[in-house]
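Features as listed in Swiss-Prot:
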- S629: phosphoserine (MOD_RES)
- S729: phosphoserine (MOD_RES)
- S735: phosphoserine (MOD_RES)
- S758: phosphoserine (MOD_RES)
- 810-840: region 'Calmodulin-binding' (REGION)
- S972: phosphoserine (MOD_RES)
- S981: phosphoserine (MOD_RES)
- S985: phosphoserine (MOD_RES)
- S1007: phosphoserine (MOD_RES)
- S1018: phosphoserine (MOD_RES)
- S1020: phosphoserine (MOD_RES)
- 1021-1056: region 'Disordered' (REGION)
- S1023: phosphoserine (MOD_RES)
- 1023-1039: compositional bias 'Low complexity' (COMPBIAS)
- 1046-1086: region 'Calmodulin-binding' (REGION)
- S1113: phosphoserine (MOD_RES)
- C1220: S-farnesyl cysteine (LIPID)
Amino acid sequence: MRSRSNSGVRLDGYARLVQQTILCHQNPVTGLLPASYDQKDAWVRDNVYSILAVWGLGLAYRKNADRDEDKAKAYELEQSVVKLMRGLLHCMIRQVDKVESFKYSQSTKDSLHAKYNTKTCATVVGDDQWGHLQLDATSVYLLFLAQMTASGLHIIHSLDEVNFIQNLVFYIEAAYKTADFGIWERGDKTNQGISELNASSVGMAKAALEALDELDLFGVKGGPQSVIHVLADEVQHCQSILNSLLPRASTSKEVDASLLSVVSFPAFAVEDSQLVELTKQEIITKLQGRYGCCRFLRDGYKTPKEDPNRLYYEPAELKLFENIECEWPLFWTYFILDGVFSGNAEQVQEYKEALEAVLIKGKNGVPLLPELYSVPPDRVDEEYQNPHTVDRVPMGKLPHMWGQSLYILGSLMAEGFLAPGEIDPLNRRFSTVPKPDVVVQVSILAETEEIKTILKDKGIYVETIAEVYPIRVQPARILSHIYSSLGCNNRMKLSGRPYRHMGVLGTSKLYDIRKTIFTFTPQFIDQQQFYLALDNKMIVEMLRTDLSYLCSRWRMTGQPTITFPISHSMLDEDGTSLNSSILAALRKMQDGYFGGARVQTGKLSEFLTTSCCTHLSFMDPGPEGKLYSEDYDDNYDYLESGNWMNDYDSTSHARCGDEVARYLDHLLAHTAPHPKLAPTSQKGGLDRFQAAVQTTCDLMSLVTKAKELHVQNVHMYLPTKLFQASRPSFNLLDSPHPRQENQVPSVRVEIHLPRDQSGEVDFKALVLQLKETSSLQEQADILYMLYTMKGPDWNTELYNERSATVRELLTELYGKVGEIRHWGLIRYISGILRKKVEALDEACTDLLSHQKHLTVGLPPEPREKTISAPLPYEALTQLIDEASEGDMSISILTQEIMVYLAMYMRTQPGLFAEMFRLRIGLIIQVMATELAHSLRCSAEEATEGLMNLSPSAMKNLLHHILSGKEFGVERSVRPTDSNVSPAISIHEIGAVGATKTERTGIMQLKSEIKQVEFRRLSISAESQSPGTSMTPSSGSFPSAYDQQSSKDSRQGQWQRRRRLDGALNRVPVGFYQKVWKVLQKCHGLSVEGFVLPSSTTREMTPGEIKFSVHVESVLNRVPQPEYRQLLVEAILVLTMLADIEIHSIGSIIAVEKIVHIANDLFLQEQKTLGADDTMLAKDPASGICTLLYDSAPSGRFGTMTYLSKAAATYVQEFLPHSICAMQ
């Protein structure tokens, strides 16, 4: 008989430990583990972590088996793991209706429960009686389901369960924008049931999504139908938000020890090694004690000062928990595992020794890990005075199974029984390893042979869309529809993935669908519902952004491939040459670099072997040959009747998968290019006619299916020109001189409404006026009046032969102004028609997810409305309309700016540093004011000029303002594109002699306002007559420069800088932490009557985002941005006084009073130097001298000089005598 090896003996010891501390509690029926002897409920998160030691021990036995009994032991342990994981699966699958609802609502009431009955798998508390929404719990289950399946365990048994897991993927993929209650189930640390965005949830969701992608849940016994699919763009959304949050944990927690599970085992969710180390150091520095780590600062759980009879805390009560937070040995187990995975033996040894010292010996000397260590009630004051000196006592669960399991797992790995690769078979531990450089492959395709010839003349050789066959080219919208059928299961009433826009990572792959290769064009080319895609420069900008994004975020096997089609809209007016912006972009891509990205252009067929290709197995046909039963009626009567137009109800989400399947079937069956060789025989007579009818039916049906899936430019994707939808024309008169029309944009338009004998508006006469006018602006204004007075569906009877509703006429007019790129009218009509801004709600969510609150409309409240949580599209647009006070153009411009802000947030998040609230109304006002200041024009003219900027010019102007650089605006004297307005050149100060490269992009903005001076149309010098109606195009932003005379270019520089910083809410680095210190030495800060009380420091810590937002809410009561910035400077001076070793600097400090004292000191000194009243004119709104606004912060006459004197004067009774003497 073979003797037992030493390793076998050690494993037997661990097996006894696991049995005595974990498995003895496992329910024999459900496999679930109760939280403790007292708490019989089974928490999802605790169960998953608690079973890891069992899983690890099973792997160790499998690896180190000395005899058959060891193999049997390994199997027994592994089946205990499977039993628990399936028990949790049964708990969740019983709530399948909640999974379905949550995909669309993201509501806390629709979330899966966090805990279940250990014996029955049933729920134990109501939906609203617990903080159930804990995305990290669902995510950690999915993560280890993937890891365990990859290690060889067979947990999922049926395709129904596969579909349920696929829907759990949809459940967690929106974690980056979903506020939940977090790993500690409390949400906001005030414990008042307020959900918030948690880094621990976002990070764990990212890890789970990456682990499950392309994983076969049946393991080696699986097939195409058991594979899980994850969209890469959702993963990258999570990564972006996670990076913006860390090292913070949430809005209310500046650091949290739970982040160890995100930056290290098990998630390994962060790719930036420096951010990983920074986060770990923050935890060690701020949370580590003698017995473990606190969960987060001011955590009251089980402290002597916590009232066990109250569920929630009072906000000011949190200060009582400072320095006496309970310490959890659990987190030292994470440090041990982190040391093992990183190969840091010294760290492993250090924390093992520390952990051994806090373990409690149970019966027979079994080491038990307590839940936490607390300060004894009678020694609280002593701990307050000298933190980390009082000996603490163990409290809570014993053992804490979560911690006990990780302790055993860490010991197994530290002793070499398990290698990192065995517990991490999906290799997540390599997340911080540098990735190879990405080369973006770009395939340029021509829509037609004519465009191909034009490109060839320019030295650019491409294929047409028809020539790339058998590869199919489709718009991104189709891919979104295809994915909407993923995870569908009628028996479980699961609808699949909610329809969402497809990101650039998704469209940069090739797809194998039914043994055919598909490529999808980028989403921004498919944005025909909104006007951004009408601007070729904007298309180039979005392409540049996507290429840069791909280079930094691509993590898949193979290279990304972008299919970039060139359509007729990308040609010049005459259609004989390519737009200069598009041509320049194509040449740069051919050179190998564009937008900082390495690019390789070539044929699509050449990229097949190097591209990332995904097999969409869920679209594969079933046994009958097709995924869905289909019945095409191809007879002539069917075509003649026109019923084919109503075959599919595109509004029904439930049938969306059927529609896509039918569309793809028809596409594959009927759009193959016909051979060019002459046929050997030719049908004649009736046969030939029936064949033609058959082809016509096929193509018409295919076009219809495409249109019902909202595919624009159908002819661009189908190899036929037989059927192109023609928009009905109502023959509104074109302008006889379109260029002159374009050159004279209307700033203020008056419509003289015709009246009948009773004094009512004569609508027939108004329609006749519409028919006779050739002015596009006047046509738009008349249609707006008809829209508001009669409604969009009113039939104007413009022509007797057919209906001509107001909506139809506006749509036709929108097409006309779109062709000539009249951006002011495009925005105006878009606002009237309420055209949907593509991904507006997603843009808003992206900004909010980066902890940026938004406001729309101009201050003060209630006109300025704050957006602090994601809103549905309809609610968001309604809020913007209300804040815009009915001005359609301002409303649509607000939405446009929100989209641009989200673009910059995604590519250049550094632009938004130290900005916690983006005030879009003020940003637009500053844009208009800058135009007014630099062009010496009125506010109304500047507003009209702003409205006439092309989208690309608007986006670049926004970048200048966000970047904080000094820039100038001037009219260009050079003629520009005849289509559009004169150029307004926007450049950085001092960049006159810049190189050609520097003059492009950010350094030189060429926009398209008209080539003549701004002037008004139809503005009579007389007062407005009673029959005159003003249209919303007359709206403008107030400007301080309406009557400003020309002045030296340097004059006004500092006032402009303060206005920009104030509008953007930009503050100095560390400003909020300094305000926190000031509040500790006074009773509060008063700004325009609103008080920021010192009690906030008892609730919030200096580094909390929540505190920063609280300070912002007080400062934002000030409507004038430059005045707000002076108040910020005054508070900065107070922070310097707060550093002095004195107990108090006053009671409630009125900050605006300090500013006015400084203003008086400034005026006195300037008068003694001979300044007259004209030079010392005051701003009527704030009473501050405009010259003080324009003073530099430093220097003898700097604002800080006067503010320092004023602050010392204001608080002098609290200051030491020596300080006062310095005045």
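A Cβ is built for glycine as well, from the same backbone N, Cα and C atoms used for every other residue.
In this structure, the modified residues S758, S1113 were compared by how many other Cβ atoms lie within 10 Å of their Cβ, and the smallest count belongs to S758. S1113 (phosphoserine) and S758 (phosphoserine) have their C-alpha atoms 53 Å apart, to the nearest angstrom. Restricting the average to the region 'Calmodulin-binding' (1046-1086) gives a pLDDT of 81.
Counting residue by residue with DSSP, the region 'Calmodulin-binding' (810-840) contains 22 helix, 0 strand, 9 coil. DSSP assigns S1113 (phosphoserine) to a helix in the three-state reduction. Here the region 'Calmodulin-binding' (1046-1086) has, by DSSP, the following mix of helix, strand and coil residues: 20 helix, 3 strand, 18 coil.
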